[in-house]
Amino acid sequence: MDLEAAGGAAAAAGHGKVRQPARVPGRWRGESWRATLLLAYQSLGVVYGDVATSPLYVYKSAFAGDDIQHSAGNEEIYGVLSFVFWTLTLITLLKYVLIVLRADDGGEGGTFALYSLICRHVRAGLLPGGGTRDELMEEDKAMGRHGERPVSRVRAVLEKYRVLQRLLLLFALLGTCMVIGDGVLTPAVSVFSAVSGLELSMEKEQHKYIELPVACAILVCLFALQHYGTHKVGFLFAPIVCIWLLCISAIGLYNIIHWDHRVYRALSPYYMYQFLKKTQTGGWMSLGGILLCVTGSEAMYADLGHFSQSSIQIAFISVVYPALVLAYMGQAAFISQHHNFESSYHIGFYVSVPESLRWPVLVIAILAAVVGSQAIITGTFSIIKQCSSLSCFPGVKIVHTSSTVHGQIYIPEINWMLMVLCLAVTIGFRDTKHLANAQGLAVITVMLVTTCLMSLVIVLCWNKSIFLALVFLLFFGTIEVLYFSASLVKFHEGAWVPITLSFIFMVVMCVWHYGTIKKYEFDVQNKVSVNWLLNLGPSLGIVRVRGIGLIHTELMSGIPAIFSHFVTNLPAFHQVLVFLCVKSVPVPHVQPGERFLVGRIGPKEYRLYRVIVRYGYRDVQKDDLEFEKELVSNIAEFIRSIGEYDKNGFVEDTDKPSEKLSPVSTGIPLWEEDGDLNASVSPHKEVDPQNIAPKRKKARFMIPKSAQVDSEVRRELQELMDAREAGMSFILGHSYMKAKSGSSFIKRIVINFFYEFLRKNSRGPAYAANIPHASTLEVGMVYQV
């Protein structure tokens, strides 16, 4: 590595750029067919529980109210079946399984992953440390592809107008908020619909007092089990979904053969035309219930990070899709031959189940509903983690429930909040009609957002023609707008719930994002120049004490204002000072070799370093001890490697666009061993584990045999080692946000009240939670923005 290469890498680091295999999920590449089939089996329990339980309530929701009535001619039931079949085929199979699943962001899916994918290809990121399309140029060079990609007109317009970039972020946040709303509504709809089967197995007066308590008890148990993680319950869920799919497909096939084998004719699109022609406005309004046949499709894309693209496609095409088609056809075949039931019963799922099988099917349905709820809850956890990592959601506690699958997480605060909201809507509505209306609007809104973002991906990321993107947008957008209008018209019948929830979450996200941006801009505008530090002289005019001082800052260049505030009030700091910037970048994973960027501030004898540590929104941050070892090891490797080329030391020039930061792929190993605290650095000393005394451990740098290390570099390494042995202190900024005098009334309300309330009631950065309190020093500052 030469200095120009270091500077070039630093230029990329200055904007948080990380090369990622954005087109193919690398960790699944090269998987054997056996492994793919195993993943396909496991995906049944995590991904498809929601869409698999939709036959419980689709027909009942479509015929709910006075919109349409089932007549003796069966035009209505055949028309609904035709709509269900083609909606499931076009939206779930064609759009999601065959097209959208290909738009992975390093193997991850979901609304926010689409947004980050677009931002990494276009200069449209509004988040601190957001990536740009320059990463792809770096990736092309690494892969041997040279030349600038042609700049499309869409990209030029999006990069030019800031207002379009803000609208793009708001659009992505809208889809995210609707996913959270779906996480509240789906468990309520699925569980309540499954429990409603008691109405055919009990007396009419009794089931009224049984359904609601049973549904609430199941929901409480469901959320109480979340802390075990999907990894432990996934193997239990997959057999349940398999049994459920086998059950509904067998019952559907039986009903087709026994009651109406000609029901297959309803698969013709002609019956959709006949349906709308006869029912007109009522048929259009019933589309809000028909829409529920594709609920869970977005969760399938959001959970892409847990499985491979091919495994999800195999599971859906070979198992889920045929089972659902048979189930809907069988239910329609039974209903078409039965017109003598009471209106509240004759359309439900359980009426088409043979009476001798109703109790076993009821038990399986309840278990399958729990599985379906689990899928959307897990997806909600994942998307909130993504938003929190990219400064669009207040800090929350994130617990990783699997040591091998980093995407499987549990968020306690969100879990209990979802449980309370879910119980509230279940108790408040007490029927599937209003719950289904609310869920339908949430589902179709997320799908519309995905369609719009996907059309941008086709142009900006896949470099396809704008004509192809418009065809995708118009074809699927027209279908979804039709369903959206039918769902929105039910505003007073339950659809207001997702709108209200989304509005609340949108306000929280926008306020948090706005406050975070303003805080970052204040740091940038009030940072101290390096010249100020250099003018203090070689001794810096203050006392240097033993140890390593770690100053956490959001800045990737310059000296933070908190440092000058600290030095002004306490003119002393450690013999080795490290300005540490921990950044979350809008990519799922950062490769270990690209995680640390290390540079030196000022002359070599100052012992001032800058370290930028980058994490993707799916990466797991290590605990304090492991992080401390890795940090010191990478600084040591930087000292050794840069010493081979720079004999006189170099100065970090933060007034220029590129900082001289070097990516450190492998640090010098640290070994804990007995030894004299004043011993020199040993390059090849062997360590005997049996002679290690736990109370007197010492860190030694094991320098490679081939390394040519001069005395000056060895002295700097020795001082770094001595400083680590003396201890490490963490200097954190404790900021208070306050709007400037003369600011608008809205800004004062947003900053002084809303943002400060969220800041006080949210968790700090993940790295701050692992820092020992005995080693922490907080420096308070007031940010006037």
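Just so it is clear, glycine is given a Cβ too, placed from its N, Cα and C backbone atoms.
Fair warning: this is a prediction, and the values are worked out from it, not measured in the lab.
Long-range contacts of the transmembrane segment (37-57) within the same chain: residues 31, 92, 186, 189-190, 193-194, 230, 233-242, 244-245, 248, 292-297, 299-300, 303, 306-308, 311-312, 314-316, 318-320, 323-324, 327-328, 331, 349, 365, 368-376, 378, 432, 436, each at least 6 residues beyond the stretch ends and with a Cβ under 8 Å from a Cβ of the stretch. If you look up TrEMBL, you'll see 37-57 (among others) marked as transmembrane segment.
Summarising the annotation, TrEMBL assigns domain 'K+ potassium transporter integral membrane' to 39-534.
The transmembrane segment annotation in TrEMBL covers 77-98 (among others).
With a cut-off of 8 Å between Cβ atoms, the residues of this chain six or more beyond the transmembrane segment (167-189) that come close are 50, 57, 110-112, 114-115, 118, 124, 126, 158, 215, 219, 222, 292, 295-296, 298, 302, 372-373, 376-377, 379-380, 383-384, 387, 392, 418, 421-422, 425-426, 429, 432, 435-436, 438-439, 442-443, 445-446, 449-450, 452-453, 456, 497-498, 501-503, 505-506, 509-510, 513. The transmembrane segment annotation in TrEMBL covers 167-189 (among others).
Summarising the annotation, TrEMBL assigns transmembrane segment to 209-228 (among others).
As annotated by TrEMBL, transmembrane segment applies to 235-257 (among others).
Listed as Cβ neighbours of the transmembrane segment (282-302) (distance under 8 Å, sequence separation of 6 or more from its ends, same chain) are residues 47-52, 54, 57-64, 66-68, 76, 79-80, 83-84, 87-88, 91-92, 95-97, 100-101, 109-111, 179, 182, 186, 189, 275-276, 312, 316, 324, 328, 372, 375-376, 379, 382-383, 436-437, 439-441, 443-444, 446-447, 450, 482-483, 485-487, 489-490, 495. According to TrEMBL, the transmembrane segment annotation covers 282-302 (among others).
What TrEMBL lists as transmembrane segment is 314-335 (among others).
Sequence-distant neighbours of the transmembrane segment (359-384) (same chain, 6+ residues past either end, Cβ-Cβ under 8 Å): 45-53, 56, 110-112, 176, 179-180, 182-183, 186-187, 190-191, 193-195, 197-198, 201, 218-219, 222-223, 226, 230, 233, 237, 240-241, 243-244, 247, 251, 296, 298-299, 302-303, 305, 349-350, 353, 393, 396, 407-411, 414-415, 418. Here TrEMBL flags 359-384 (among others) as transmembrane segment.
Among the features that TrEMBL reports, transmembrane segment is placed at 409-429 (among others). Long-range neighbours of the transmembrane segment (409-429) within the same chain, counting only residues 6 or more positions beyond its ends whose Cβ lies under 8 Å from a Cβ of the stretch, are 183-185, 187-188, 191-192, 212, 215-216, 219-220, 223, 226-227, 229, 377, 380-382, 384-385, 396-401, 435, 438, 494, 497, 501.
What TrEMBL lists as transmembrane segment is 441-460 (among others). Counting only same-chain residues 6+ beyond the ends of the transmembrane segment (441-460), those with a CB under 8 A from a CB of the stretch are 91, 95, 99-100, 103, 111, 114-115, 117-118, 121-122, 152, 154-155, 158, 168, 171-172, 174-175, 178-179, 181-182, 185, 288, 291-292, 294-295, 297-298, 301, 466, 468-470, 472-473, 476-477, 480-481, 483-484, 487-488, 490, 495, 498-499, 502.
The transmembrane segment annotation in TrEMBL covers 467-489 (among others).
Per TrEMBL, the feature transmembrane segment maps to 495-515 (among others).
Sequence annotations record features per position, and here TrEMBL assigns domain 'K+ potassium transporter C-terminal' to 547-784.
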Long-range neighbours of the transmembrane segment (77-98), counting only residues six or more past its ends (CB under 8 A):
51, 58-59, 62-63, 70, 263, 265-272, 274-276, 278-279, 283, 286-287, 290-291, 293-294, 297-298, 300-301, 312-313, 316-317, 321, 324-325, 328-329, 332, 335-336, 447, 451, 476, 479-480, 483
Below 8 angstroms Cβ to Cβ, which residues of this chain, lying six or more residues outside the transmembrane segment (209-228), approach it?
187-188, 191-192, 195-196, 198-199, 202, 366, 369-370, 373-374, 377, 399, 401, 410, 412, 415-416, 418-419, 422-423, 426-427, 430
